[in-house]
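Annotation source TrEMBL lists compositional bias 'Low complexity' at 130-141. According to TrEMBL, the feature compositional bias 'Basic residues' maps to 159-168. Taken from TrEMBL, the feature domain 'CDC20/Fizzy WD40' applies to 171-460. Marked as region 'Disordered' by TrEMBL: 100-169. The feature repeat 'WD' is assigned by TrEMBL to 216-257, 299-340, 341-385, 429-462.
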Amino acid sequence: MESPQKTKTGLNLPAGMNQTSLRLETFSSSFRGISTLSSPSKSTCSDRFIPCRSSSRLHAFDLQDKEPTTPVKEGGNEAYSRLLKSELFGSDFVSNSLSPAGGGGGGHGSASSPMSPCTSNMLRFKTDRSNSSPCSPFSPSILGNDNGLSSDSSPPPKPPRKVPKTPHKVLDAPSLQDDFYLNVVDWSSQNVLAVGLGTCVYLWSASNSKVTKLCDLGPNDSVCSLQWTREGSYISVGTSHGQVQVWDGTQCKRVRTMGGHQTRTGVLAWNSRILSSGSRDRNILQHDIRVQSDYVSKLVGHKSEVCGLKWSHDDRELASGGNDNQLLVWNNHSQQPIHKLTEHTAAVKAITWSPHQSSLLASGGGTADRCIRFWNTTNGHQLNSIDTGSQVCNLAWSKNVNEIVSTHGYSQNQIMLWKYPSMAKVATLTGHSMRVLYLATSPDGQTIVTGAGDETLRFWNVFPSVKMQTPVRDTGLWSLGRTQIR
């Protein structure tokens with residue numbers, strides 16, 4: 001008989017056994033012993049993590065202790081091994097390794113297996129989404145549904161600015177015409193509102209609510225358009241006979257009368273020194289009150305009545321809209337339009353230039369079009385288009401914030417506030433019972449006034465101030481009430 005083998009550690013080993021096999025056997029026995037031990041009642045300091053089974057809710061993972069039917073063998077801790085592989089290499093790795101090679105897998109259902117699909121995410125932190133919508137903005141992030149990382153850490157989207165839903169002032173405006181092609185409401189930089197009612201023009205001071213009758217054109221004429229100069233001292237009046245009159249708004253005195261149009265003058269637009277007028281005769285006349293002649297140039301391009309007219313803020317370009325569905329852009333150096341924009345499918349009355357970006361123009365179409373379109377007048381390209389669902393009567397771009405207000409006719413008669421460039425709706429205001437044909441903005445840029453064929457003027461606080469940039473409140477400069485403008 002051979003003598004036992006002597007090791008460096010002084011252990012006597014039987015024949016056929018070396019030190020490596022001894023260490024493996026010792027580790028496996030120790031490991032096997034851990035699986036059969038119950039957790040201690042108190043936590044102890046250790047260099048390894050031993051889970052407390054009494055608080056682990058193992059029933060949720062179908063890992064409850066069951067009465068062993070056979071003695072525990074070397075692979076008795078197979079569930080733990082599978083769990084460890086799942087955490088290290090992913091559930092797909094484990095499921096692939098568990099799939100049988102052949103078709104005779106017996107009748108065991110996957111629900112009872114520790115690594116079945118319903119429990120493949122065991123021991124992973126997972127947010128309960130049973131009561132939340134799958135489309136919730138706070139659903140788990142794109143890093144994965146089960147990785148425990150959700151978008152809760154990112155700030156929620158900023159809520160839209162609150163806009164009062166009711167007007168803070170209402171004025172009765174008898175004889176305010178229900179005519180899409182007229183422009184008889186304008187607000188001066190000196191805080192005076194001008195309104196054309198039938199044959200007369202009335203001035204309403206927003207500071208003291210005083211009403212002054214500027215002029216009466218007589219029984220055979222009527223007011224078709226109004227426009228203040230940028231300084232707010234003079235106002236131009238377009239008549240149904242095709243005349244253009246200039247009045248001193250402070251002294252209520254007529255300064256000049258200019259002819260040239262064959263029929264009604266429905267729209268006027270001032271730049272720093274030139275007054276442009278558009279008429280049913282399809283022409284646009286350029287008036288310079290410093291010279292003696294009635295007009296200094298004529299712009300011919302529309303095939304029907306001119307109903308929209310606006311100068312850009314730098315006085316370089318003039319945009320005109322007509323009943324021929326065309327939007328034309330002119331400059332100071334040519335009597336031919338530099339752009340003919342024909343995408344609208346109805347009359348173009350609503351026109352506004354961006355005060356925040358040069359060469360950015362917005363236009364709105366009538367009942368058959370219903371769209372607000374945005375243009376780059378440098379190259380004539382359309383930038384965007386949005387269907388508003390109803391006739392676009394007016395557009396105004398806020399100078400305080402990058403937002404646009406639009407007024408509408410058929411069929412909803414609403415006022416809509418949009419955020420540019422996303423064109424997200426900020427607010428929808430209702431109150432008029434007929435088409436909202438007239439729109440003007442206060443000199444501070446916070447209030448708009450709207451007019452309609454229901455013979456009312458309504459004042460709305462829709463924009464924040466330039467400095468504050470905070471939501472406006474329901475209480476305005478004037479107390480809520482209804483008075484007459486004449």
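One is the number of the first residue shown, and numbering goes on along the chain from there.
Note: Cβ is positioned from N, Cα and C throughout, glycine not excepted.
DSSP places the residues of the compositional bias 'Basic residues' (159-168) in helix, strand and coil in these numbers: 0 helix, 0 strand, 10 coil. Across the repeat 'WD' (216-257), DSSP classifies residues as 0 helix, 23 strand, 19 coil. The repeat 'WD' (429-462): residue composition by secondary structure is 0 helix, 19 strand, 15 coil, according to DSSP. In terms of DSSP helix, strand and coil, the repeat 'WD' (341-385) has 0 helix, 24 strand, 21 coil. DSSP places the residues of the repeat 'WD' (299-340) in helix, strand and coil in these numbers: 0 helix, 21 strand, 21 coil.
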